[in-house]
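Novice: Pulled these from TrEMBL:
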TRANSMEM  12-34  transmembrane segment
TRANSMEM  40-63  transmembrane segment
TRANSMEM  165-188  transmembrane segment
TRANSMEM  209-230  transmembrane segment
TRANSMEM  236-253  transmembrane segment
TRANSMEM  265-282  transmembrane segment
TRANSMEM  294-312  transmembrane segment
TRANSMEM  324-344  transmembrane segment
Amino acid sequence: MRFTKWNFVMLVLGNLIYMADLIVDIWVSVNFFYEGQHIFGILAVSFVLIAAGVVQCFSFMWYKEDFQKTGQKRLSCSLLIHCFQGGIFTRYWFALRKGYCSAFQCGSDPTNFSTPSREEPTDLHQKVINEAADLSMLRLFETYLEASPQLMIQLYVLMEFGPAGFTQVAAIVISCCSISWSTVDYHITLRKSLPDKKLLSGARPRLMYLLYKLLTFVSWVLSVSLLTVLNVNLGLILLFIFWLSGITWACKQQTTFCTSKGMEILYRVVVGFILIFTFFNVKGENTKFPMSAYYIMRLLVTLGILAVFWFCTPPDEHQDFFRAVTLIIVGALLLGILFLIVYYTSFHPNRSEEKKIFDELDGRTPPRACRIRHFLMQLYS
């Protein structure tokens, strides 16, 4: 498996989107305080800090596991870097340097610094692919823990208080780009990092996957934002129920992503939060029925929210605005489900042609014990 120039460009672009999203989120938080909307400012800052803390925590634990496997003792320096929120930037630095060397055929690895992957593969291309896989997982954590709640706050402010300014529009656009990019990049990197999986190649499969995820996501956050405008408590209760259901499902699946019990609990909490916004299969098992149940429930809840909202008729001066939002919700949901069906029936790599994925319960050793193998493996049956 080779790390190509296109993969390097994707890695650079992912880094730029990550930084742009972070900058805009801080900008939005400051703007909330400047305009006297202190509650929204506190919420925005809280999501930034929580997401950053969780990402740095997972990044450090992965470094710790990898250092222990290779017998290296540099944990104090790594811990200090992560305490100052530099873990993910350090990973980007090493990944970009090694990625440039791999993609542009440098004579040797320019970095002899210790950034070990799980198996320390001798192939530089495989090293970079493994590190890019770790980064894609961290971006996915950060995106759904920070960008998704930030987007809902922006939509609520827009619906509740009227026309959006440039800051709100920029935050909404950047959040959507960040969410879309991290989701698609994760799915592509997942399949590339696993040697027993077929690659998701070609523009059309990626476009179908992007549209399916983006449209179903947009429909859902708009629906929840409408409910929150109607009654904040109802919106929060709905989100909490989905979060609790996601955590329960992750626990029922008996995930084994982390080596420590505490980190495994944190992982399941993060999984539950991600499941509020989109579907993932937490153990790479058959997804046909769980996915169907998930989107049927989402469809019913969305229709229920719209029915309740229009039963409690909005003010006359906002009728046209909320009518347009309703049409966007319905259209995005139907199109998203349509793209989902098209993707899985026509463009998803054929599972029957792939090698069997070994489960840890089988007592067999998988060909490459990559971190991402135990994560949210989006497979279709």
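First residue shown is number 1, and so on along the chain.
Heads up, the Cβ atoms here are built off N, Cα and C, so glycines get one too.
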Novice: By a Cβ-Cβ criterion of under 8 Å, what residues six or more beyond either terminus of the transmembrane segment (324-344) are in contact with it?
Specialist: 159, 205, 208-209, 211-220, 222-223, 226, 295, 298-299, 302, 306, 309-310, 380
Novice: Where, among 165-188, 209-230, 236-253, do we find the most CB pairs under 8 A to the transmembrane segment (294-312)?
Specialist: 209-230
Novice: Taking a Cβ cut-off under 8 Å, which residues six or more beyond the ends of the transmembrane segment (236-253) line up next to it in the same chain?
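Specialist: Residues packing against the transmembrane segment (236-253) from afar: 224, 227-228, 267-269, 271-276, 282-283, 285, 301.
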Novice: Other than its close neighbours in sequence, what residues sit by the transmembrane segment (165-188), given a CB gap under 8 Å and a spacing of at least six beyond its ends?
Specialist: 10, 13-14, 17-18, 20-21, 24-25, 27-28, 31, 136-137, 139-140, 142-144, 147-148, 150-151, 154-155, 157-158, 199-200, 206, 209-210, 213-214, 217-218, 278, 378
